[in-house]
Amino acid sequence: MNYTTQMDAAKKGIVTKEMEIVAKKENMNVKDLMELVSKGKVAIPANKNHKSLDPEGIGQGLRTKINVNLGISKDCYNIDMELEKVQKAIDMKAEAIMDLSCFGKTEEFRKRLIDMSPAIIGTVPIYDAVGFYDKELKDITSEEFLKVAEKHAENGADFLTIHVGMNRKTAATFKKNPRRMNIVSRGGSLLYAWMELNNKENPFYEGFNKLLDICEKYDVTLSLGDACRPGCIEDSTDASQIEELIALGELTKRAWERNVQVIIEGPGHMTLDEIETNMKIEKKLCHGAPFYVLGPIVTDIAPGYDHITSAIGGAIAATHGADFLCYVTPAEHLRLPNLDDMKEGIIATKIAAHAADLAKGVKGARDWDNAMAKARRDLDWERMFELSIDEEKARRYREESKAKSKDSCTMCGKMCAVRNMNRVTEGKDLNMLRDDD
């Protein structure tokens, strides 16, 4: 193999098997895709050690992809349950899964996840550091943090989320500009704490060249984390968030010089009117790199319904440039999600992604909706169920309602507009009063 990474291959004019697969999925010319990869506008996360991967592209002109978060925690240390969630995410065709495990020895779960998953796998190495070394956070050395990142890359993680932009300059900006919610990024808060406790620079920022060595070796995509993402609408688009984004733009160029693919992570909580501006700022400051957003969550008052607040924000964000949506479940801010929460979160996020693809004019996006419109016009219930984003729920609602006619539902009965327009255009009587037709 005469290339190191997908980006290196693209710059050399080499079409990889991963590019061929992605181009076919996206209904696009593989040479056009290769050009986007060479410029960093599209990333194809594909670790050389992830043998079960069914690759996907993330970025400009492609379908909006979604990510599912899962992982073991101290309060819910159940590997079998988390593996059930993995299977659920795979069955529901999530393009990516992030292992956010944050307690104990996580390698067993991570390796099993990567072995079984055709989806892109992402991890956050700093979550693993305390358990990896059985050390207090402040006692972990800079070199040890990098070794954890290398272990995750060696295991086969396709992208690593690392909050490199939380450097001393960003930290100083944060201190000068108090926030209502401080730092709500788990990884960002851990790095900030380590820096404060040790009076040192961010080990990933200081050792960025070594981090790039790791990414280049395994063809790991670097997902530059947003330590200063807003945790409430009052903190959005503030000095800390923008200062960090400027740093991420500079780091992006350094990574691309080494042929390391980059994804930029983004907010967070913000009101509807700020979303479009934030998408444009990221694309400008980070040179068109793919943008990966959590939500955005558009109001802070809906615990139990944050899959909805997130889907609203995600649809707007993806319409205006976000390429990758992290799902949010009804359990957000309340507990570790269960399987039912997962399903709700995946469905809501897939709806947001598809709605944005329609608005962006992504090739082929309208085909699904047009097929549903035809099935509805034809009153073809079976086809409607097959096309539904949640087939099980659609079937259940229909079966529970016990409509008297196969041509209608319990909402309108024989006053169904579709039924009556079909009949009248065919020259048939409406037969509104008889039950036998």
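Note: Cβ is positioned from N, Cα and C throughout, glycine not excepted.
Swiss-Prot lists Asn69, Met98, Tyr127, His163, Ser185, Arg186, Gly187, Asp226, Ala227, Cys228, Arg229, Glu265, Tyr292 with the feature substrate binding site. Just so you know, the Cβ of Tyr127 (substrate binding site) picks up 22 other Cβ atoms within 10 Å once every protein chain is counted.
Marked as Zn(2+) binding site by Swiss-Prot on the basis of sequence analysis: His269, His333. Mapped onto three states, the DSSP output places His333 (Zn(2+) binding site) in coil.
DSSP assigns Cys409 ([4Fe-4S] cluster binding site) to coil in the three-state reduction, outside any helix or strand. As annotated by Swiss-Prot, [4Fe-4S] cluster binding site applies to Cys409, Cys412, Cys416, with the evidence given as sequence analysis.
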Length of the line joining the Cα atoms of Ala227 (substrate binding site) and His269 (Zn(2+) binding site), in Å: 13
From binding-site residues Cys409, Cys412, Cys416, the one whose Cα lies nearest Tyr127 (substrate binding site): Cys409
Candidate with sparsest Cβ neighbourhood (10 Å radius) among Ala227, Cys409, Cys412, the listed binding-site residues: Cys412
Protein Cβ atoms within 10 Å of Asn69 (substrate binding site), excluding its own: 23
